[in-house]
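Undergrad: I'd like to ask some things about the structure below.
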């Protein structure tokens, strides 16, 4: 069978929309850095082309070829090596999240989520996670990668990795009481991780009251809310955002959704959320109809890596959750993130080919 057409069209639509909105959100930032207004669009378009080629190649292949111990642990091992390489690389803005390869900066924590999903799908396809004994290895795989990402430091991505891992483990047969115990362990660890760094504590305080210090710690979040509020119902018009004129930090990255809300209004931003919701539902429906447990877990996990990140990004931009530093899939600038997102979509499309 051919890959699922609705899922493919949703993926393509989100990608095209992302490129258009990225140009709008990034042109001023690029110009302020003495670059062409289309600088970020050009770079993102190259990554989009590479990502589409990878997506098509994966979508047209048989996902069951991945369900081999040699393949699974080679991918997982490559993820570990790349995360260690990032930790040992020179810091950029005080963090160790990137690896320089042939002049390009790659962020290993992005493909790490797919490496984890692959490992968990393989393990849980062999044996259901219905006891603490069978949970040990999946939890160890999740915890180890999350720990390496936390050390970069990147608590937001580490938390997302744990949530994705927990979701796949639940789909793999874990009982609610097991997840309750896991939550009871993870919550104190998360709180300790927040308290370990002053800037994380500041983010929590800013989240509780964004306008407490609107010119200091609360500047980014308050500007995000101003952008969303300025958009009203129908928006100020495409490319007419005022907050992206160097008022809103990272308008082309973590807070691009704020620019979407300002330019396209509540209706436009709401439609973006709906499209991501449709993508999520279609991906999960396709995955649940897979002919084997590995396909179901792989497809659902790949779908959730995109969906959970998107809804976390929405929540941060609207002050529902504290700032995490997670980009919006398909839309935010970033080559590693975009290629990983398209690879994840390719995995789900590959699973859809085998749906009876």
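Each residue, glycine too, has its Cβ placed from N, Cα and C.
Annotations in TrEMBL come from automatic prediction, not curation.
Straight from TrEMBL, here's the annotation block:
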| type | residues | note |
| --- | --- | --- |
| TRANSMEM | 40-59 | transmembrane segment |
| TRANSMEM | 71-92 | transmembrane segment |
| TRANSMEM | 157-174 | transmembrane segment |
| TRANSMEM | 179-197 | transmembrane segment |
| TRANSMEM | 264-285 | transmembrane segment |
| TRANSMEM | 297-321 | transmembrane segment |
| TRANSMEM | 327-351 | transmembrane segment |
Undergrad: If you count Cβ pairs under 8 Å, which stretch among 40-59, 71-92, 157-174, 264-285, 297-321 touches the transmembrane segment (327-351) the most?
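TA: Top-ranked stretch among 40-59, 71-92, 157-174, 264-285, 297-321: 40-59.
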Undergrad: Quickly jot the same-chain residues contacting the transmembrane segment (40-59) by Cβ under 8 Å, restricted to those at least six beyond its ends, or write none.
TA: 3, 8, 11, 15, 18-19, 22-23, 26-27, 29-30, 252, 333, 335, 338-339, 341-343, 345-347, 349-350, 353
